[in-house]
Amino acid sequence: MSAAKLASVSPSIQICRIMRPDDANIVGNVHGGTILKMIEEAGCIIGTRHCNSQPGDRCVAALARVERTDFLHPMFIGEVAHVSAEITYTSKHSVEVQVNVLAENILTGAKKVTNKATLWYVPFSLQDVDKIVDVPPMEYSRPEHEDEGKKRYEAQKLERLETKERNGEVMTSVPLPEAYTVGFSQSSLIHLVGPSDCTLLGFVHGGVTMKLMDEVAGIVAARHCKTNIVTASVDAINFHRKIKKGCVITVSGRMTFTSNKSMEIEVFVDSDPLVEAEKGKYRAVTAFFTFISLDKDNRPLAIPPLKLEGEEEQKRFEEGKTRYLQNKAKRLADKERHQ
Amino acid sequence: MSAAKLASVSPSIQICRIMRPDDANIVGNVHGGTILKMIEEAGCIIGTRHCNSQPGDRCVAALARVERTDFLHPMFIGEVAHVSAEITYTSKHSVEVQVNVLAENILTGAKKVTNKATLWYVPFSLQDVDKIVDVPPMEYSRPEHEDEGKKRYEAQKLERLETKERNGEVMTSVPLPEAYTVGFSQSSLIHLVGPSDCTLLGFVHGGVTMKLMDEVAGIVAARHCKTNIVTASVDAINFHRKIKKGCVITVSGRMTFTSNKSMEIEVFVDSDPLVEAEKGKYRAVTAFFTFISLDKDNRPLAIPPLKLEGEEEQKRFEEGKTRYLQNKAKRLADKERHQ
Amino acid sequence: MSAAKLASVSPSIQICRIMRPDDANIVGNVHGGTILKMIEEAGCIIGTRHCNSQPGDRCVAALARVERTDFLHPMFIGEVAHVSAEITYTSKHSVEVQVNVLAENILTGAKKVTNKATLWYVPFSLQDVDKIVDVPPMEYSRPEHEDEGKKRYEAQKLERLETKERNGEVMTSVPLPEAYTVGFSQSSLIHLVGPSDCTLLGFVHGGVTMKLMDEVAGIVAARHCKTNIVTASVDAINFHRKIKKGCVITVSGRMTFTSNKSMEIEVFVDSDPLVEAEKGKYRAVTAFFTFISLDKDNRPLAIPPLKLEGEEEQKRFEEGKTRYLQNKAKRLADKERHQ
């Protein structure tokens, strides 16, 4: 089948999916981010398909730009989102995709347009990730469509150049702490508690919290030693206060101690009930995670020592060392008992 | 079958699941957090089942404490994790669950113990979320098991009290910015890029990035006005640099402008290639999100005005106002053109 | 422990998991697709384990066929699904796995059987993805079990050959929507296959495909009758061709038949290898799903009759009716046999 023929056989694509509880906030409004993700998935599929519709390097369409997008109506859990995408312009190295989103209430049959979006893709070769491949030209049903597309292409090209310059500037202003200090690897994440994170009582499953804690601790460890790191142990964790559906939790981690072959990371979980602000933020959980670093054959590597700044960090390091020595002694005692 | 009989029929539970790419890091080591989450799911099922094994209030077992847990061996993608849990002690208001995790390589048949964990659960009533219900006493196969369990119970009770006091202390030291300032609602999250976030080329799907950006912007908006908020529009987004699998991305948002009925939030995406540290952190994407606040009938609410501190915030506010007025003018022009 | 010994030690497997909001529809009924996915995961684990229980090529069990499966009772959010699988027959190149699903309400202790399923797997070599390896023969506790298994094996082999031929025909063009017509409820979705959808060989897990098929069939059913609908049964499904990572799959559904209390929906899965466009799109799977409609107390509701347009729809309706009457007769016969 010729490239042109294939393109004309599938000039558009339609994705549809039922909106689920985890796609929405507590009130049932689907997150804008869920819709943006579907829009981009449709764009990526049709863009990749078009760019592979002729012989030559196989490639994947990478998103280069999204034009301003309005959310015209809210979408709700239980509705079916229809995302339809079609290619509307091609330049030598880019593809313009236009996407429409429709929300259908399958119980009443009501449909409403929620979004119209325009995306630009650039195809990168599967053989050489940094090589941009040529885009097969599309056929326009009317010549003026090509002219209008060209105008949009030139306009966005200009704007991309402008923001590129602006962006370079911003980044340099960010101050970087010195490597191997506590501040250097310190990390935190926020997580909006969704329905699937919760028990029947509407409280977060302890396991969900622990997974996030391990994720943050792992990022702290990887930032410190920049190798393959794995969890070696978790100290006792106490869950003092329950975390409710709809809360935002902040999970923060900082390195407290390094031995020759291990790192100890302290992790805090703070819960913020957002809407019921009068209740205030509170600390829900804290714990110490120990990570080790592994080489290609899964053998432990040496850990760069933590650089301490100030009395407090020194104090926490000493406490970490005490825990480390206690656990080591305990492991030895257990070993002897089992022999 | 009577409730009491069921408890004796099913005194243990086994969960098992194949480990997938999304459960592991780039090298293929399963995240400790994935294992902790499965451990807790098994504990929650058996704890809840036991606490409901007699007449009275229906309840859900909430995790109160996890004892120190060691990760004895790494687990890999494609292995089957077997998580088995059994109840080993009951006090009046808590249940001790012991969990073992085994990794089975179904290709070679090799099995190894990866974890042994001890969890404590407290049952809360479904009718009254703050009421702790009585735990039905378990039957011990040997009397010494009960004595040993009681010792473990007393030891953990003591430790919980201790850390509770320590925790109260820490929290008060956190300084809180004034409400409605930029600093008050400012938020950021980190996300470890997993296989399912990426295209065939190993680059993050633009849609995944946009979803995270919308999530952070939504949290900033909700923190500011503490109501149900939804995305109204997203300004043009340029994807200057690709983000690779295995990177950690930091997505930060800060409020720049409020009109009567809308908020503008600036969102930054910074990528940190962790392991390839020589490449350095870089700013991958920036964008402006506009959110509105809705009441119960999905009608827009007034937005509390942003309190500005310092010249820079003032400047950003003015720039936001210009964008706001431009977009408003453009919408009006579009409307007229379509009439 | 030797491989052969392991196979005899663990001839069965049990998966269990709490049902969460995203596993269910708005009313709280767990999607049939969620259950089908767990059934296949259990089947894949035990099938792969068995086929690797002797020296030789390491391999992965790929789903080749699922026998007709009935959904005997609805399952709800908060219940624990117990999926147990055991191997019941082996031919030279295939394994039969029987799976039972039990829903446990851990609050009341009530348990009910929701599904019994039979799956056929074929082991493919990890070294050479297109090579089928020999299946180690199982040991039967009674000789008649082997004979019965052989009969089931021959019967399904014949049926697979038949449907393979039928599969050639491609989906007809989309008509326009009057309510209760086939065109009105006809739906399709597109899914980009990600790493976590795939086995170690890079092929889509059969369970992932079945979950998407159930989702589309559910949308067709909901569009037709605009009520709470649940999966009642799935006819035998044959997996003719494997679907690879990076493909885009299109899952389409159309209503073929309605009885007084049930709807039959035909579902097609077409795979499009995007990047390797020269390979062309192909039909990978087809199946018939039966849905029923439930009121608030989970009692079946009457179904609006399907409006037929044209000879082809009339013909498909008659074929659906034949299947409906055959299944009804078979259910009655089974019932009598068990009395």
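Just so it is clear, glycine is given a Cβ too, placed from its N, Cα and C backbone atoms.
Quantities reported herein were computed from a predicted structural model and do not represent experimental measurements.
Summarising the annotation, TrEMBL assigns domain 'HotDog ACOT-type' to B:9-127 (among others).
Sequence-distant neighbours of B:N25 (active site) (same chain, six or more apart, CB under 8 Å from its CB) are B:H31, B:L192, B:G246, listed in sequence order. Taken residue by residue with DSSP, B:N25 (active site) is part of neither helix nor strand, so it is coil. The active site annotation in TrEMBL covers B:N25 (among others).
In the predicted model, the domain 'HotDog ACOT-type' (B:183-297) has a mean pLDDT of 88. Residues or ranges marked as domain 'HotDog ACOT-type' in TrEMBL: B:183-297 (among others).
Per TrEMBL, active site is recorded for B:D214 (among others). Secondary structure from DSSP puts B:D214 (active site) in a helix. Annotation for B:D214 (active site): same-chain Cβ neighbours under 8 Å, separated by at least 6 residues, are B:T231, B:V234, B:F289.
The helix, strand and coil residue counts that DSSP assigns across the domain 'HotDog ACOT-type' (B:9-127) are 24 helix, 58 strand, 37 coil. Helix first, then strand, then coil: DSSP counts for the domain 'HotDog ACOT-type' (B:183-297) stand at 29 helix, 54 strand, 32 coil.
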